[in-house]
Each structure stands twice: as structure tokens, then as C-alpha cells.
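**Student:** Below is a structure I'd like to ask you about.
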């Protein structure tokens, strides 16, 4: 079967068809079961992180090395010519002359598409502002499939910061292709953006607003937690909402046996450590799947056949 992702930029989940997502998913599962160390042999990958990252940067760089490739790059935009005023377009032009692909994280929405416009090699978006995080979405899909045995018509609850959380935006855009049903739990000021709910309406996917994490845990197959960021509230308002969106083990008492709790990490207070010991916790395994998801992206973008 032809590889539908060869030499393609990976910028946004909305750019990818269900066929392409399924190809990525199955390749990630295949590489997890049967690792290969030759798929990036002779390839040099640019790792360009203009803002801090732990899991995304290290898992991408791990993926490159496990596939037999090499990495050059930076982990802080302050140490690059961007500090001198070089445009992102020029940076992309230059680095694409050195490398076979560029992995980029940037604080500005839309930065990945700018880089892709001027790069001579594929650009993989490792997060651009509050916009998109497609490689996180792929590892989420791998994890959901791994725990549920399917993606079709699952019940997906999302909690916390749904307005600024790029992970939940991308995940909704992916899972709508499988006819999933959604539930949202958040402060009103951090509700899921209208453009996402409009996309769900257009896809015929039902969604509901729930008032508590207990309701979400009882209803869902997947409970996807995100961090409510203190810096978006004054202290008094934050104190009112903080505990309401923190999950502890007691809230899972009526959960279905197949429920799995996911989180893009890092967590702060929104998942109590007592959840870690429950059979529902799966966020550390989710993070591990990041390596295999990113191995799949790199392998497919840089090889005609995998």
C-alpha cells in the first residue's frame, strides 16, 4: 500500500485524513511491537524548540536515535539568531538546508505553517502556541486504541483547561472521524472553543457539558485531564475553582472497569497521587507511547515504504 505521508508536512490534525491517521496509528503499534533501527539511517533531523519542553523534545530525539538517525538543534529560542531578529521564515530556509526534516515547537499560533511554507524539507509541528500538537494527538490515539481495542464510538470526557489546551483541540478533531461522543468539564471561562464544538456538530458527534469529575468518570471510557493554569486567574477566582477540577481516587468509585485516565503531563495538583495506584491510571504509559508515535511520524515522512 502506498505511504500517504511520504514527504508530507505534519502541521495540524485537521490536515490529515482518517486513512493517514490510521496509517500513523498502525505504524506506531507495529514499531512498538517490532522496533527497527534502520529507518532513519543516514538521516539528520533538526530539533528546533523555541520554548521549553521535556517529554516532546526528549521523546522526539529518542525516536530519531532509536531509528538510526542523528539530531542537531536547540532547546531554547533565546540562544538562536531569533534573538537577533531573524525571522522564522529565514530560520526555516537555513535549517532545511542542513537537515532531512525539521521538528519545531514555537510559542506563536501558526508558526509551524510558516516554517513549512519556507522549508525545503518536511516540517513536523511539535506544538505551536495554543493551536495544534499533532504528535501528542497521535500518541493519545495509540494509547486509547491500546486500552480500549478500538477508536469507534467511544465516550471521551475532557476536563480542565479546554480553551487554551491545544492537546484537547487536536484530539477532538481526530476522534470526530471515528464518531466518538464527548463530554466537557471546565470552568465557564475555560470552555471548549466554539470552533471545536462547531466541527463536532458538522461531524454529527454529540457532546455534553458535565458539572463534575465524578459524573465524567462514571460516564466515560476515557477521562482526559488537563491542567487549569493559575496564571489565567486572579488568586480569589483560582481558589474557587481549583479543587473542583482536581481528580482523586475517591472520584473513580463508580467508574467503568475500562475507564482510563489520561493526561498530557506535566501534572501539578489536578491528579492526586492516589490515582496512580488505581487500575484506571494510564498517563505514564501514555507518555511512553510518545516515543513510538513519533517514530511512526518520522518513519513515514522520510521513507516511501515502512
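Here the Cβ of each residue, glycine as well, is placed from N, Cα and C on the backbone.
Reproduced below are the annotations present in Swiss-Prot:
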- 55, 56, 105, 133, 136, 265, 266: carbamoyl phosphate binding site (BINDING)
- 84, 166, 227: L-aspartate binding site (BINDING)
**Student:** I'm trying to understand the geometry here, so how far is the Cα atom of residue 265 (carbamoyl phosphate binding site) from the Cα atom of residue 227 (L-aspartate binding site), in Å to the nearest whole number?
**Tutor:** 8
**Student:** Quick check on the binding-site residues 84, 105: which one has the highest count of other Cβ atoms within 10 Å of its Cβ?
**Tutor:** 105
**Student:** Work through the binding-site residues one by one (84, 166, 227) and name whichever has its CA nearest to the CA of residue 56 (carbamoyl phosphate binding site).
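**Tutor:** So, spelling it out, the nearest of the binding-site residues is 166.
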**Student:** What does DSSP say about residue 84 (L-aspartate binding site): helix, strand or coil?
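**Tutor:** DSSP assigns residue 84 (L-aspartate binding site) to helix.
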**Student:** Name them in sequence order: residues not among 55, 56, 105, 133, 136, 265, 266 whose Cβ is within 8 Å of the mean position of the Cβ atoms defining the carbamoyl phosphate site.
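**Tutor:** Output for this site, in sequence order: 53, 54, 126, 127, 167, 264, 290.
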**Student:** Looking only at 56, 136, the binding-site residues on record, which one has the least crowded Cβ, with the fewest other Cβ atoms within 10 Å?
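**Tutor:** If we count Cβ atoms within 10 Å for the binding-site residues 56, 136, the smallest count is at 56.
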**Student:** Rank aside, I only need the closest one: which of the binding-site residues 55, 105, 133, 266 has its C-alpha nearest to that of residue 166 (L-aspartate binding site)?
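**Tutor:** Out of the listed candidates, the nearest Cα belongs to 133.
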**Student:** Pick out which of the binding-site residues 55, 133, 166, 227 has the most other Cβ atoms within 10 Å of its own Cβ.
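**Tutor:** Neighbour-count leader: 133.
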